[in-house]
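Database features, via Swiss-Prot:
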| type | residues | note |
| --- | --- | --- |
| BINDING | G65, P66, E67, S68, S69, G70, K71, T72 | ATP binding site |
| REGION | 325-378 | region 'Disordered' |
| COMPBIAS | 339-351 | compositional bias 'Basic and acidic residues' |
Amino acid sequence: MADARKAALDTALKKIEKNFGKGAIMRMGDAAQTTISTISSGSLALDDALGVGGYPRGRIVEIYGPESSGKTTVALHAVAEVQKQGGTAAYIDAENALDPVYAEHLGVNIDDLLLSQPDTGEQGLEIADALVSSGAVDILVVDSVAALVPRAEIEGEMGDAHVGLQARLMSQALRKLSGTLNKTKTIALFINQIREKVGVMFGNPETTPGGRALKFYATIRLEVRRAEQIKEGTNIIGNRVRIKVVKNKVAPPFKRAEVDIMYGQGISQTGEIVDMAAEKDIVKKSGSWYSYGDDRIGQGRENAKKYLDEHPDVMAEIRQKVRDAYGMDQTGEEDDQADDKSKDKATKPSDKSQAQAKPKKPVATETSLDLDDSKTDK
């Protein structure tokens with residue numbers, strides 16, 4: 001009986017491959033899909049909260065929150081990180097509000113950044129689809145979903161009712177994009193705004209525009225909110241921002257990261273290093289004083305940050321210890337071994353695919369993926 005079932009299965013598999021092509025169906029052990037490639041978010045604290053060391057490649061990420069909370073800053077840091085490691089980034093600026101000077105201060109190479117400011121939502125999403133389909137883009141940012149206005153609404157009169165147009169547009173676009181993103185291993189970052197439901201008496205009245213499709217298709221959803229202001233005397237020089245991982249299909253969700261977003265500078269690297277080093281006792285905190293080894297580096301958090309800014313050698317040393325303590329550098333030999341194992345299992349690739357498999361640019365790292373999505377919110 002067992003042999004008959006096996007023969008029937010083999011016949012079915014051969015028929016599927018004949019009708020739909022080789023690779024249409026395979027055993028997961030043969031496909032070697034047990035690892036997921038990631039790109040750093042540009043923030044150590046956020047990389048740790050994401051659980052896999054960054055944004056997973058080939059997936060959709062939604063970043064939402066109130067106005068001026070730091071959503072665009074978080075996205076631009078990911079763009080800068082991709083470019084820093086030799087990747088290509090594209091930015092769909094539907095809001096027509098991207099500040100190139102600020103982006104450059106965050107480390108974005110604006111000369112190489114692909115920028116589009118579409119007239120309609122349909123045009124913006126078609127451009128996004130074309131860029132992703134090319135297979136040459138590592139990260140695509142759409143800023144923002146709320147600004148992807150359907151053509152019918154733009155060409156219509158003020159006051160005309162256009163119920164559900166944007167939701168249908170997003171649903172159709174995401175159905176097309178999700179498969180292409182997975183094949184090309186492009187990260188799609190969708191920035192979104194917040195709206196309030198009218199008449200909600202109990203529960204959270206907040207919602208995001210664009211319908212439910214993005215909530216379902218997103219592998220990761222990040223909620224970005226200002227926690228408090230950062231002051232220097234009476235001057236406000238930045239904001240303390242909380243980033244909550246509301247949904248995560250590749251690691252446990254609901255983790256949080258707190259970062260300092262300084263005006264004109266973006267996420268403070270020294271701020272997160274001070275916090276993370278203190279949490280692991282790499283930097284000792286006694287009262288209001290911070291100490292590293294036998295040296296006191298500052299009284300109060302802001303003074304400790306200034307010390308690290310002024311001593312880049314100490315900063316680099318502590319940063320490396322933080323990465324080691326949080327397990328962020330365990331991608332070298334282990335990933336090479338994983339690649340070797342997957343090559344042994346897979347069919348011998350062509351010369352072209354072998355060239356693509358070589359690590360020409362260290363844009364991505366790989367992390368083990370828990371394939372059981374039943375524990376996560378889909």
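Backbone N, Cα and C atoms are what each Cβ position is placed from, and that goes for glycine too.
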Quiz item: Which chain-mates of S69 (ATP binding site) that are at least 6 residues away have a CB under 8 A from its CB, listed by sequence?
Solution: V224, R225, R226, N239, V241
Exercise. Using DSSP with the three-state reduction, classify S68 (ATP binding site) as helix, strand or coil.
Key: coil
Self-check item: Other C-beta atoms that fall within 10 angstroms of the C-beta of P66 (ATP binding site)
Solution: 14
Practice problem: Across all the protein chains here, work out how many other Cβ atoms are within 10 Å of the Cβ of S68 (ATP binding site). | Solution: 11
Quiz item: Long-range same-chain neighbours of E67 (ATP binding site), Cβ under 8 Å, sequence gap at least 6?
Solution: Q193
Quiz item: What residues, ordered by sequence, lie under 8 A Cβ-to-Cβ from T72 (ATP binding site) and sit at least six positions away in the same chain?
Solution: L98, D143, I191
Quiz prompt | Which same-chain residues, if any, lie at least 6 apart from G70 (ATP binding site) yet have Cβ under 8 Å of it | solution = V224, R226, N239, V241, V259, I261
Exercise. Taking the Cβ of G65 (ATP binding site) as the reference point, list residues of the same chain whose Cβ is under 8 angstroms away and which are at least six residues distant in sequence.
Key: K71, I194, E223, V224, R225
Quiz prompt | Any further residue of that chain within 8 Å (Cβ to the Cβ centroid of G65, P66, E67, S68, S69, G70, K71, T72) of the recorded ATP site | solution = V224, R225, R226
Self-check item: Packing count at K71 (ATP binding site) (other Cβ atoms within 10 Å of its Cβ)
Solution: 26
